[in-house]
Amino acid sequence: MRLNDTEIEQHLKDGIIGVEPAPQANNISGVTLDIHLGNDFRVLQDHAAPFIDISGSREAIEAAIQEVMSDEIVLKDDQAFFIHPGEFALAVTHESITLPADMVGWLDGRSSLARLGLMVHVTAHRIDPGWSGQIVLEFFNSGKLPLALRAGMKIGAISFEKLSGPCARPYNKREDAKYRDQHSAVASRISADGG
């Protein structure tokens, strides 16, 4: 069952859900907690490689990703990040989220941004039980105009769903947790996938 606004507030107060920095009351509504854009981005560099063979060896995949992924782009608070039509970018939330082993989070982009063509998460919208860290956002501009994004803007919302019990393998306890404690716009670590 998803938590309502008063339950979210109580879970935050009791330290069951962790959010840093602590959210303001006006960022909690209905069944969601608003999240904001951080100032850390990465982009795929044009024409850096003809393709990435994601079925290749771990070493080949890692080398290809390193070749096409930009270094971190860290913006000052007053700078804008422009995402042009047809472009993909990674970004990070301002907030760091910590979930217990018996709760899953669900990230939704803002409808107002989608109506301008901005996809906030291309596919990954589940926040696993036991997660702790910032959330990497996978942006895609499917609209017709460039969009200027700034750190601190409201970018989406998270809802929280209580599970029937704690997971036996929460994210923070898994040895194969590729993005544990992430605090930047971490590039794909698909090369670390098991067999």
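Cβ atoms are placed via backbone N, Cα and C, with glycine included.
What Swiss-Prot records for Glu138 is active site, proton donor/acceptor, and it gives sequence analysis as the kind of evidence. Annotation source Swiss-Prot lists dCTP binding site at Arg110, Ser111, Ser112, Leu113, Ala114, Arg115, Asp128, Val136, Leu137, Glu138, Tyr171, Lys178, Gln182.
Recorded features from Swiss-Prot, shown on the structure.
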| residue | record | Cβ within 10 Å |
| --- | --- | --- |
| Arg110 | dCTP binding site | 17 |
| Ser112 | dCTP binding site | 9 |
| Ala114 | dCTP binding site | 14 |
| Asp128 | dCTP binding site | 18 |
| Leu137 | dCTP binding site | 26 |
| Glu138 | active site, proton donor/acceptor | 17 |
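Ser112 (dCTP binding site) falls within a helical segment according to DSSP. Secondary structure from DSSP puts Asp128 (dCTP binding site) in coil.
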